[in-house]
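Step one of this worksheet: look at the structure below.
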Amino acid sequence: MVGFKATDVPPTATVKFLGAGTAACIADLITFPLDTAKVRLQIQGESQGPVRATASAQYRGVMGTILTMVRTEGPRSLYNGLVAGLQRQMSFASVRIGLYDSVKQFYTKGSEHASIGSRLLAGSTTGALAVAVAQPTDVVKVRFQAQARAGGGRRYQSTVNAYKTIAREEGFRGLWKGTSPNVARNAIVNCAELVTYDLIKDALLKANLMTDDLPCHFTSAFGAGFCTTVIASPVDVVKTRYMNSALGQYSSAGHCALTMLQKEGPRAFYKGFMPSFLRLGSWNVVMFVTYEQLKRALMAACTSREAPF
């Protein structure tokens, strides 16, 4: 047995809720530079936007983007928007991941045997609900990641300043910009990520290929990360472009997608695929492994407090 030993008592909804948010924050701290590189690659080629990289900066590949940013803007630029990112994960992941099992049980009416349909419904529900809660934090995170420190200066000086500036210049709706593509993206991501993780893990356990331990969690999380990236990349690129667009640049998320297709071709929808996969794959591994261990650790702590002797 590697890691914390599973307890006889299943984790409570509160443990899952807190564990998911904490695990997601840990994963973000480790993989945030890859996410920033992904955003820069995704917005490259846009004609305009409220914040954008310097005109001379051309990003090529994951490492090329990271090295260019470090050279032109300094190492700290890789963590632009980290505060908003952590705020997002505590509210976002807690809902979409922490409530997944509870919603799945609701759709299966308490049955232990969940069908793929009920898992997909649960993933869509918690993914969409999480967006409703955390959208402003996502907008601020993307804006921070998109802006360059070199050149014309930074538009947003702090996380609080970003919230205030967006609300003042673009109205309250500015903080909820891109909600539609984000709902679509996260319904898709949640279904692909959580359902795939569930299915791979169940298959490995049923076939007795692995035990419910770290290697099983690692393998399931990595597979889920790849499947999710392939499925969600197009809507993720549209979401990022639309969130970072200037007021009036696109009339809707659909208009943004159509403009991308006309001006840049279908390959534009997979811009930043490699950093997306590296980020999502590594993020999934860190998050799911940490989440599984946190659930066991928290339940062990609760059990020991209730029965100290």
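Residue 1 is the first one shown; counting continues down the chain.
Each residue, glycine too, has its Cβ placed from N, Cα and C.
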In Swiss-Prot, of the candidate ranges 16-63, 208-255, the one given as region 'Important for interaction with long-chain fatty acids' runs 16-63
On the question of membrane sidedness, does Swiss-Prot assign VAL70 and ALA300 the same topological domain? no
Grouping DSSP H, G, I as helix and E, B as strand, the residues of the topological domain 'Mitochondrial matrix' (243-268) number 17 helix, 0 strand, 9 coil
Cα-Cα, LYS141 (site 'Important for inhibition by GDP') versus ARG185 (site 'Important for inhibition by GDP'), nearest Å, comes out at 16
Reading the DSSP string in three states, the entry for LYS141 (site 'Important for inhibition by GDP') is helix
For the topological domain 'Mitochondrial intermembrane' (104-119), the distant same-chain contacts (Cβ-Cβ under 8 Å, at least six residues beyond its ends) come to 191, 194-195, 198-199
When each of the recorded sites LYS141, ARG185 is scored by other CB atoms within 10 A, the minimum falls on ARG185
Here the mean pLDDT of the repeat 'Solcar 1' (11-106) is 84
